[in-house]
């Protein structure tokens, strides 16, 4: 068997005499590994030229100047804006639709929608897996965006046709509050849940792929690549924000003026238009070949490492750490990844012994690049995990802040703003911050940090988490003032009555702060995950952010249940009592402040320990080929 010794990009000084043999071999793992002439077609898929873009047929693109770039990215922005418009449109209107039209209890309606939001985000891992393993990002978006449209059409029909809703006669406001309206039939609720979750699973395939697919349109070899990528993720989140603003204003207006069917129909029409634009841009797109099942590669590494857990690097049978020869990785769409010293126990999977023979099974011996993929996935986990807390706070704001707004004066002179439009203000603050980001924030922070982009990705995530603490602390302060004001002015038991002398626009402070937090944290996180994820697992990396968002939704439900159970008194009152004036929402905000502060400390520790991914340069590749 022919083998060649490959030197990693970094060099390590000679080990001084007197060190143990084990110490010497351990140090050598970071310097040398072995390339074998065998198994060139690892995993049965062969290898490609790293991350070379291809056309929709999988063929190399002859003239890159005619594809990709900002023109292709703008077609992709439209798809994400429509998806976010539908997502937020459903989150705002579906609870009210279930309560007022389907005659479901408010608590069960809220839980059903929270579960929908959580599942649509958490299941993004499935979409990311399919994109990276088999379909590619384009076809994953194409399939799931069509599924999304089918779900929205189904919801529109359910709201428009009388057969899908219970009888609305003799059901006034008092009857709704008393729960005496005719409830929906079980088959009617089954239909609604079916089309709702079809929509949710449609989002699961779009969300992890759209940002990565858009970033794929830029040339990694360009000297302006980092600048283009930085601006792309800011513009990408700007499209998300525009979708949210339209959902919180136009869709709410359509619902109030023209009914539920037209409101949901507006979402379906927007998605249909965005789908048409997405498919129209097909000739412009650059594609990355799927690299085979990432879960299979992860399982192979774990299985091989477990099999050789008792094998020593000092064994006389030890040949070296296994890697395929040449400049290319054994994984479709992936460059070679240099060896690192983290998670040394996983290196056992690449431990090549004489007993492995000429044609070892990938379940017994893996390449260094394959092992490093798993290391990267593990190394990434703490960062998006720390953003779960921000998602939890955002979920709480969607319900708690709206309940606060019902007790406050929402008039601007002679204009009365609907309470359901209040969540538009975080979107407006995000729009403003993104508009001023390059003209104000970057020049100021560049002088402080010396970073040409103003702040690194992890610094931006940290800034977002820090601002979210200030936001939720202010929310606690204002809620404490609002509650005492209500009690002092005789509104203690009139929790559905507006207090004319206390403006709802005090809520704008917490709304704007959480909008700023979202800009820095989520945009920085998306860019961080795209750049740090393995080449053949970009969609899985982006799915980490969506998964964190989904877990935040579930965590909010769990936290609320715990708080209700722990604070309920003998009269059945708790911090989250239906009467906001006798409840203690301020105490919940203080609890969220404390949890956010602890989470921020964990993030600082995790960010300090994080080691950025090393990428082989052309010089490194040339050296390894010698």
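Yeah, the Cβs are placed from backbone N, Cα and C, and that goes for glycine too.
Sequence annotations record features per position, and here TrEMBL assigns region 'Disordered' to 1-23.
Taken from TrEMBL, the feature transmembrane segment covers 85-106 (among others).
TrEMBL lists 112-131 (among others) with the feature transmembrane segment.
What TrEMBL records for 138-159 (among others) is transmembrane segment.
The transmembrane segment annotation in TrEMBL covers 190-210 (among others). Long-range neighbours of the transmembrane segment (190-210) within the same chain, counting only residues 6 or more positions beyond its ends whose Cβ lies under 8 Å from a Cβ of the stretch, are 76, 79-80, 83, 86-87, 90, 94, 98, 102, 112, 116, 119-121, 123-128, 130-131, 137, 140-141, 143-152, 154-155, 158, 164, 184, 236, 539-540, 542-543, 546.
Per TrEMBL, the feature transmembrane segment maps to 231-254 (among others). Cβ atoms under 8 Å from those of the transmembrane segment (231-254) belong to residues 73, 77-78, 80-89, 92-93, 210-211, 214-215, 218, 262-263, 266-267, 270, 418, 420-421, 423-424, 427-428, 430-431, 434, 437-438, 519, 522-523, 526-527, 530 of the same chain, restricted to positions at least 6 beyond its ends.
Residues or ranges marked as transmembrane segment in TrEMBL: 260-280 (among others).
According to TrEMBL, the transmembrane segment annotation covers 376-397 (among others).
TrEMBL lists 417-440 (among others) with the feature transmembrane segment.
The feature transmembrane segment is assigned by TrEMBL to 461-478 (among others).
Positions annotated as transmembrane segment by TrEMBL: 504-530 (among others).
Annotated transmembrane segment per TrEMBL: 542-563 (among others), in sequence order.
Taken from TrEMBL, the feature transmembrane segment applies to 588-607 (among others).
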Two-stretch contact, the transmembrane segment (260-280) and the transmembrane segment (376-397), at least three Cβ pairs under 8 Å:
no
Among 112-131, 138-159, 376-397, 461-478, 542-563, the stretch with the most Cβ pairs under 8 Å to the transmembrane segment (504-530) is 461-478
